[in-house]
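Features as listed in Swiss-Prot:
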BINDING   Cys149, Cys154, His156, Cys159  Zn(2+) binding site
BINDING   Arg432  salicylate binding site
COMPBIAS  563-574  compositional bias 'Polar residues'
DOMAIN    67-143  domain 'BTB'
MOD_RES   Ser15  phosphoserine
MOD_RES   Ser19  phosphoserine
MOD_RES   Cys155  S-nitrosocysteine
REPEAT    296-323  repeat 'ANK 2'
REPEAT    327-356  repeat 'ANK 3'
Amino acid sequence: MATTTTTTTARFSDSYEFSNTSGNSFFAAESSLDYPTEFLTPPEVSALKLLSNCLESVFDSPETFYSDAKLVLAGGREVSFHRCILSARIPVFKSALATVKEQKSSTTVKLQLKEIARDYEVGFDSVVAVLAYVYSGRVRSPPKGASACVDDDCCHVACRSKVDFMVEVLYLSFVFQIQELVTLYERQFLEIVDKVVVEDILVIFKLDTLCGTTYKKLLDRCIEIIVKSDIELVSLEKSLPQHIFKQIIDIREALCLEPPKLERHVKNIYKALDSDDVELVKMLLLEGHTNLDEAYALHFAIAHCAVKTAYDLLELELADVNLRNPRGYTVLHVAAMRKEPKLIISLLMKGANILDTTLDGRTALVIVKRLTKADDYKTSTEDGTPSLKGGLCIEVLEHEQKLEYLSPIEASLSLPVTPEELRMRLLYYENRVALARLLFPVETETVQGIAKLEETCEFTASSLEPDHHIGEKRTSLDLNMAPFQIHEKHLSRLRALCKTVELGKRYFKRCSLDHFMDTEDLNHLASVEEDTPEKRLQKKQRYMELQETLMKTFSEDKEECGKSSTPKPTSAVRSNRKLSHRRLKVDKRDFLKRPYGNGD
């Protein structure tokens, strides 16, 4: 006679779910039947809680409890786990671990998450949340910074950080085939989805592509919200899977909620922008059928086109940067939603009003803050590593909001009087921008793009050699050219360099290089709050080592220049033996291992 295995599940609350299985492991992956908790006696409930707590402590302290494998996430971060537990709980892990070959018996097994979850990159906190449930059968609250945005006035119930976190855990629950977690998280998401900003609703539709119809209830509710919203058709078409876009159009038609259709001339402008053809846009405007404001072309370019295309369209200065689209968004609001610092700075320089609010009272700064995860914003990056764009946008907008008067960038540039002064200033600014590019790559790329530095010719130390590139195509400026031509080309380079430096000083004050380039007294560089005399001395010594490295490089290049038939006098070194004003090759490691911070 066959033996029937009975499975019971006790749910104590929305955050607890335990399986009490007769004849199977507690962590059996099979689905279970639901029974009221009163079927379990108090001692049984206490025993299950104790077991859950013990297993959760095993996960939270993996090294203490002899974990034997690591899950490697994108970026190299690792989560320790126990193969026996995950193999029993998640069939996908059992299959993946079976294919892993250990090189040595003592070597910890490492499993790449991308080999299991191939279609979407998930964060550390999402992985920990799902694996904690696998161990304990209990849904734990995520760390505050993992599902909270930067805005202190936000309740963090339905902001973008919360949406991103929920999408990630829903995806992992689907990939790991944990049906009970799929149900729990979908139910939680349905409780908050009505509070989500309509632009963030579009993010949820990723689940359709990733998980098919697994989250049909959630996706159907999102479709209902989008149908009744005023979001533009062009945004829907570019953001949604084609079948969902068509479904929304059909429902709107049935409910007589169709928005006005775009005119043919506006569509042509959008097509030209999609093709990154700003020249074609100019030709279409000459026909006189419409203009950039009537077509909301700048809004479209900022939202959907390449950064260069949007920047080139803005540089035409044919559109009102403070114009609101039918949904009440200015161009700056749209740039904030995109979290692109170059576009935000460009708009501010063109006169965009940072204090303009959306119809629901959000400024551009609030928009960016609610799109940026708190953990990402609070995590400081080391010099030389890329900064996150969300944090840069917040930095720019916060600084700009404090300014009472925005002086023109060009006002700080006084033209050099003599060729020697021009050469000295070029060498100084080339040095400064090169160092900034080394230490703050994203910030420098942002401001030098606005200053159009790449459109000018770099001035290098080799340009000082009289016989440089004789008989070859010139790739940098040559001082043997006619004086007027030299002066004009160098002035263009100097203007771009100065504008790059001034933009960096204005919008990224923490990236100041004054303590490298212009310090007359090293004592003030070493004087930092909470420093000890020993630390100040160490900093001062390290600074002197850097100067010696740079001076040694200069001396070697000077000897090479001296071998030429017509040596030229040089003033590349200040009389006080400060940093040499020339374009130098510097080792990134020399700066990354210095003991002091960025400072102003």
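From the backbone N, Cα and C atoms, a Cβ is placed for every residue, glycine too.
Between the candidate binding-site residues, His156, Arg432, the densest Cβ environment within 10 Å is the one around Arg432. The DSSP secondary structure for Cys159 (Zn(2+) binding site) is coil. Contacts of the residue listed as 'S-nitrosocysteine' defined by a Cβ separation under 8 A and a same-chain sequence distance of 6+ are given as none. Under 8 Å, Cβ to Cβ, and six or more positions away along its own chain, Cys154 (Zn(2+) binding site) finds Ala148, Lys369, Arg370. This prediction places the mean pLDDT of the repeat 'ANK 2' (296-323) at 95. Under the three-state DSSP scheme, Cys149 (Zn(2+) binding site) falls in the strand class.
Of all Cβ atoms in the protein chains displayed, 24 besides its own lie within 10 Å of the Cβ of Cys149 (Zn(2+) binding site). All protein chains considered, the CB of Cys159 (Zn(2+) binding site) has 25 other CB atoms within 10 Å.
Taking the C-alpha atom of the residue listed as 'salicylate binding site' as reference, the shortest distance to any of the binding-site residues Cys149, His156, Cys159 belongs to Cys149.
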